[in-house]
Amino acid sequence: MNINMQSRHMLFLQFGLILQAGYGLEQGLHLIAEQLDEQELKTLVCRLNEEREKQPTLADAFAACEVFDDFTIHMISIGEISGNLDEVMLSLADYYQRMDEMSNQLRQALSYPMILLLMMLCVVGVVAWKVLPLFQDVLRSLGSDLSTQAVMFMQFGRIFSMAVFGLLLLLTAGLIVFLLYAKRQKEDAATLFLFHSPFFKKLRHISLLAQLTYALAMLLRSGIDLREAMQYACSLLPNCEIIDKLQACVQGMNEGESFCDVIRKEQLYEGLALNFIEIGFTSGKGEAVMQQLSDEYQQEVSHKTEHYLNVIEPIIVLLLAVIIGVVLLSIMLPLVSILSSL
């Protein structure tokens, strides 16, 4: 069962609101199931209610459903132990909403170039198999013998357009295979591409920092010790370059080093962000600082996404103009040569 980020946000939001209203777990789960329209999510809630009767804790019931990650289960367990389950549920709702927004931004950064790629494929295909043969027939019907140079221009245009079409076709086929692979792995295609593409390294790094910083802020807000929060964060992030730094930070904290010292040494945060964190934890405002910093990273992800879109769009349009221009020249030059000989 694959539950998307938006559905998870709605589930935990309803759960948190119902618990805040004073309803018990059993009654709350029944109310949530009655209000849900999405069949897959309703099935999950019903199974969760069944598992709750079998398992000793709600966290164990969530784990038995085999849908939620370790981070979510740990957070629910912490909420049960601390007596702040409603606050934890609302925090998880905010977390999944934030992750859904980031995923949508990444999807937007990738979907628009893909649409332009398909448009280029269609345009070049029409030119190669419809327009060029039509113009060649028109040139031959003029009754004049084409010069060797004119024939070369026409052949070049035909070969060039077919080569470009073949390249675009390969790119489109690769895109389809990638989307099928992502679907089979039950992962978001935009996120999967982001973590494997060298072209989006900066955007990937910022989005990971945004995810990490927000998770730390949420864990600290739930009353979790900073060292334990760092350990939980290791299980939250995918296998990436930040994980090694994060694990080194955890090891350093276990050896007695302070949080600010280890993140400076491992360069987990740098520049103004590092100074902001040091000031916040020195003044006892660590949770508020991490929340503010996560918001700034989120805004930076949005700005980077817009930047990529603003750069990619004119590049693709320029490539399309160059391709069409070369093909038109291969048609017009022989035509001018014939008309000048009449």
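Placement of Cβ uses the backbone N, Cα and C atoms for every residue, glycine included.
Just so you know, TrEMBL annotations never went through curation; they're auto-generated.
Note that the structure is predicted; figures quoted are calculated from it, not measured.
Taken from TrEMBL, the feature domain 'Type II secretion system protein GspF' covers 13-133 (among others).
Under the heading domain 'Type II secretion system protein GspF', TrEMBL lists 215-334 (among others).
Tertiary proximity for the transmembrane segment (109-132) is limited to same-chain residues at least six positions away from its ends with a CB under 8 Å from its CB atoms, namely 154, 157-158, 161-162, 164-165, 168-169, 171-172, 175, 189-190, 193-194, 200, 203, 305, 308-309, 312-313, 316-317, 319-320, 323-324, 327, 330-331. What TrEMBL lists as transmembrane segment is 109-132 (among others).
For 159-182 (among others), the entry in TrEMBL reads transmembrane segment.
According to TrEMBL, the feature transmembrane segment maps to 315-339 (among others).
Confidence across the domain 'Type II secretion system protein GspF' (13-133), taken as the mean pLDDT and rounded to a whole number, stands at 81.
Secondary structure counts, DSSP: the domain 'Type II secretion system protein GspF' (13-133) has 104 helix, 0 strand, 17 coil. For the domain 'Type II secretion system protein GspF' (215-334), residue counts in helix, strand and coil come to 100 helix, 0 strand, 20 coil, using DSSP.
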